[in-house]
Amino acid sequence: NNCPLDWLPMNGLCYKIFNQLKTWEDAEMFCRKYKPGCHLASFHRYGESLEIAEYISDYHKGQENVWIGLRDKKKDFSWEWTDRSCTDYLTWDKNQPDHYQNKEFCVELVSLTGYRLWNDQVCESKDAFLCQCKF
């Protein structure tokens, strides 16, 4: 575990919640600039979702939803992670994703679900965000 103090170590990667509010694009750029190889976080198992949810509940200062690295670039419900990892696990909130008004193409953790479930959201909305890095 080479993660800095306030980062969550999990499966060889480190995760950190940032409380400043950014658009999805700005959040991804922030993670990338933080350290080469960093991205908005990706998830691949239920256990990871739970651990992250617990971590965010402990460290997130606001009530806002939290951006993760999933988006629908082609706008056709083909979801992709920014770290190019396999989209093998999805845990949507009820009746999501819905591309509401054909405007929602970025994915956030929903605070009302304890950060366990996902919603597609307008990418220009401002949320807190979760970076994932290797140290």
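The backbone N, Cα and C atoms fix where each Cβ goes, and this holds for glycine too.
Residues or ranges marked as Ca(2+) binding site in Swiss-Prot (evidence: experimental evidence): GLN96, ASP98, GLU104, ASN119, ASP120. DSSP assigns GLU104 (Ca(2+) binding site) to a strand in the three-state reduction.
CYS3 (disulfide bond) counts 17 other C-beta atoms within 10 Å of its own C-beta, drawing on all protein chains shown. The secondary structure of CYS3 (disulfide bond), as reduced to three states from DSSP, is coil rather than helix or strand. Per Swiss-Prot, disulfide bond is recorded for CYS3-CYS14 (among others), and the stated evidence type is experimental evidence.
Annotation note: CYS31 (disulfide bond) sits in a helical segment as assigned by DSSP. The disulfide bond feature in Swiss-Prot is assigned to CYS31-CYS131 (among others).
Over all protein chains present, the Cβ of CYS38 (disulfide bond) has 22 other Cβ atoms lying within 10 Å. Per Swiss-Prot, disulfide bond is recorded for CYS38-CYS133 (among others), and the stated evidence type is experimental evidence.
Annotated disulfide bond per Swiss-Prot: CYS106-CYS123 (among others), in sequence order. The number of other CB atoms found within 10 A of the CB of CYS106 (disulfide bond), across every protein chain shown, is 25.
Summarising the annotation, Swiss-Prot assigns domain 'C-type lectin' to 10-132.
Distance between Cα atoms for CYS123 (disulfide bond) and GLU104 (Ca(2+) binding site): 7 Å, as a whole number.
Taking the Cβ of ASP120 (Ca(2+) binding site) as centre and 10 Å as the limit, one finds 23 other Cβ atoms among all the protein chains shown.
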